[in-house]
Amino acid sequence: MSALRRKFGDDYQVVTTSSSSSGLQPQGPGQGPQQQLVPKKKRQRFVDKNGRCNVQHGNLGSETSRYLSDLFTTLVDLKWRWNLFIFILTYTVAWLFMASMWWVIAYSRGDLNKAHVGNYTPCVANVYNFPSAFLFFIETEATIGYGYRYITDKCPEGIILFLFQSILGSIVDAFLIGCMFIKMSQPKKRAETLMFSEHAVISMRDGKLTLMFRVGNLRNSHMVSAQIRCKLLKG
């Protein structure tokens, strides 16, 4: 048994079974109980190494509305794959929506058909289809600079849309970039380099029985004002 444990580690346990109890033929002379290797059932930790408690909340009314009331913190607490998905989706939808608005203005004014007329002044110069309207929006939003496409002073609705685009772009940038920056600055992965002893002991210390375990830091950088909190579960 000790040889099997050294070979397979502590993730498996040796179980002794009897062939007669499992409905097989009776054991013959010299045949003893059989041993088989069964993987151990890993118990779920009550507190993860990063400090998160594995507690599920139940029977809470209007739980979704509570998360949506603090949308910024909800986005920060999401996993990275969902953050990146929301980041890409928000910008894609916003870009397509604003490009559609510029195309609608050009379509309603008839600029799409008169874009190549020499003496005609359109709302946005050289916008004659949706791809060109999309490129004009990207040039405006990313402040790349105008060259071939530019807004003219003959279009008051275009000026209003330009102001709305600038305000909306600033809000989206501040919200999403701030969310990503705060999520990257959170020291959650710092716990990956903190090692805890596998076993805790109870021993006399200063004349009192004390629960003791060891914590090791794998990094060379020191932790300033570190605090350790423990939870005791009593059956």
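The backbone N, Cα and C atoms fix where each Cβ goes, glycine too.
Nobody curates TrEMBL annotations by hand; they come from automatic prediction.
What TrEMBL records for this protein:
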type     : residues : note
COMPBIAS : 13-38    : compositional bias 'Low complexity'
DOMAIN   : 47-187   : domain 'Potassium channel inwardly rectifying transmembrane'
DOMAIN   : 194-234  : domain 'Inward rectifier potassium channel C-terminal'
REGION   : 1-41     : region 'Disordered'
TRANSMEM : 84-105   : transmembrane segment
TRANSMEM : 159-182  : transmembrane segment
**OP:** With DSSP as the yardstick, break the domain 'Inward rectifier potassium channel C-terminal' (194-234) down into helix, strand and coil residue counts.
**Re:** 0 helix, 16 strand, 25 coil
Original post:
Going by DSSP, how much of the domain 'Potassium channel inwardly rectifying transmembrane' (47-187) is helix, how much is strand and how much is coil, in residues?
Top reply: 87 helix, 4 strand, 50 coil
Original post:
Over the domain 'Inward rectifier potassium channel C-terminal' (194-234), what is the model's mean pLDDT?
Top reply: 84
